[in-house]
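Read the structure below first, then the notes.
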Amino acid sequence: MLEEIEKIVLFLLEQQGLLAMRLSSLGEEQDALSQQLTEAKVAELQEQYRAAGQDLLRLLAFVEINAIGLRKILKKFDKRFGYKFTDYYVKTRANHPHSQLKQVFKQVGIVAVAGAIFRNLAELEDHKESYISIYDQLDLSYQDPVIDSIKAALNRLSNSTNFLQFLGKHAMLLEDGLSDPAENNVDERYNFMSLLLNLVNTFLYMVNTYIIVPTADNYTMSLGAAATVCGIVIGAMPVAQVFSSVYFSSWSNRSYMQPLVFSSIILVVGNTLYALAYDLKSITVLLVGRLFCGLGSARAVNRRYITDCVPLRLRMQASAGFVSASALGMACGPALACVFQRNFKISFITFNEDTLPGWAMALAWLIFLVWLCICFKEPSSVIPSEAYTGKTAILILENGCTQPLLLSKDGKQECADQECDDDDNDDGGQSKRSRKPVNSIMLAYKLLTPSVKVQLFVYFMLKYAMEIVLAESSIITGYYFVWSTTNVAVFLACLGLTVLPVNIIVGNYLSNLFEERQLLLASEIMLCIGVIMSFHTLIPYSVPQYVCSALITFVSAEILEGVNLSLLSRVMSSRLSRGTFNGGLLSTEAGTIARVIADGTITLSGYLGESKLLNVTLLPSLFICVYAIIATCFTYNSLY
């Protein structure tokens, strides 16, 4: 392996030298013409610097593919010998005076080359914009697509994280590689208003999900059912969403507008039925209305639009917007319940705190439907381009030479893709696999490694714990503290508002101080502590105990969700970035099934009486949480 690393480093230094000579020559040409730079000459020099930037991107791809290959070799040592060889190897070589790993992992020379490209492009842009004053200052904040791509590649190699990247990964939109050869086609499909409509759809759906939580128990009792039947009412939506996510994901292979229109119509009908159930005195109509709302879940379409139609340079911002819209909707839903404290009748239709959420959401979806039909632009081609990952393993640089790290005995290159799932194969590496999108649930399951399965279970666990806290909040607070609907709504809205601040702290600070797997385990333990604190023991149950335990559970679950999905987006197979059964769909299904089971648990526990509801619903949550911690500990070493 030492000889292979030496080959990589020498080849890397050779290419850095060629790029440095090229940039030096361009710099001399730029200096020689500094007094007589015309707009045409500036544009020509900029194109040459961008071409150098593209070559640097290919070199970064070469570094990444070999760094990933080295990581996989070390993981195989750990797995087969049962000894943590990776830590020893990296610690003894990372800072050694003659270490060649520095070139692979620290990219000092590459950063210097990138800096030269950034500075000269900004300087040329400054020249192009103004030739008037010698006091004009150089704008080093100038952004260019090639600069954005290089920065993203460097961040990926150095594992540095900021809030935008951390939040964007929550959407589980897996990246296909450092660059996309079909990026021009993506630019043609992109439309800002269409993206905005997808984000508004996401926001409205989350509002629709949580707007009924503070009043669901009162609504079921007004129809003659027990308060705990609210678990079925709340859970009816995710039950339908389990199925709707699949057919919407499949539908988005052919069109984006059609499923969005269908979703909006279904949601108008579902919310109308939910509201009419009060005057019809029918719990069946109420449940059918919520089932229709779940059948209108188009979150899979929203994700696919960002993946397939948003340019790479804007994809992280769009992903962060998707997550922010979801978080804002989650907070606004319960908050809006406070506004609907009215009681009046028009003809035979009743408008009160129970029915107004349904009527308001029906009107909101109707307005959205009109806006959608007027402003949405169907992309020219809805067939996603073939994933680029895997092609970066064969890099043809200027001298037509490559230095791959992993070679099998017959001379074929073993897949060194970060997302490739050959870690658990003992056949010494197969020839390169198909990179086609996954459109079969069985094939998607086969691509899940043990560590990915554990992380999906962790996602199930945190969604289960969150749903228990949220869905039974109105019953628990009404039984123990006699809280009004307004008090419950304000409490849930405050919980929802913690999402973005918590993610800012984790994304900007904690993720740069600790490994993500460390944060994962720590947040699981904190969530378990929050669940334990929620139990009603011998002492009287108090408001401070409930609020503190709910806050710890919810915030820990939010941190856990962010870290888990960020880690999952790195280790899940890149073949799951596209196609019907993509990584976003799998994580959504795991979370949705957790919510269904949690809501069912609340309803079933209600047969034992409201006095026992709290402890009975917390017991499964505690068991699942402990099991998730144990499973994480067993797969801890494989979470890189």
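For all residues, glycine too, the Cβ spot is worked out from N, Cα and C.
Keep in mind that TrEMBL annotations are predicted by a computer and have not been checked by a curator.
Note that the coordinates shown come from a computational prediction; the quantities given were computed from them, not determined experimentally.
According to TrEMBL, the protein carries these features:
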type	residues	note
DOMAIN	1-91	domain 'SPX'
TRANSMEM	195-213	transmembrane segment
TRANSMEM	225-248	transmembrane segment
TRANSMEM	260-277	transmembrane segment
TRANSMEM	283-301	transmembrane segment
TRANSMEM	322-344	transmembrane segment
TRANSMEM	356-376	transmembrane segment
TRANSMEM	456-482	transmembrane segment
TRANSMEM	488-507	transmembrane segment
TRANSMEM	519-538	transmembrane segment
TRANSMEM	544-568	transmembrane segment
TRANSMEM	613-637	transmembrane segment
Feature contact check the transmembrane segment (283-301) with the transmembrane segment (195-213), CB under 8 Å, 3 or more pairs: yes
Contact call for the transmembrane segment (456-482) and the transmembrane segment (283-301): at least 3 Cβ pairs under 8 Å, seq gap 6+: no
Recorded stretch, among 356-376, 488-507, 519-538, 544-568, maximising Cβ pairs under 8 Å relative to the transmembrane segment (613-637): 519-538
Result, the transmembrane segment (322-344) in contact with the transmembrane segment (283-301) (3+ CB pairs under 8 Å): no
Residues from the same chain, set at least six apart from the ends of the transmembrane segment (322-344), whose C-beta lies under 8 A from its own: 167-168, 170-171, 198-200, 202-215, 302-303, 306, 350-353, 356-357, 360, 485-486, 488-493, 496-497, 499-500
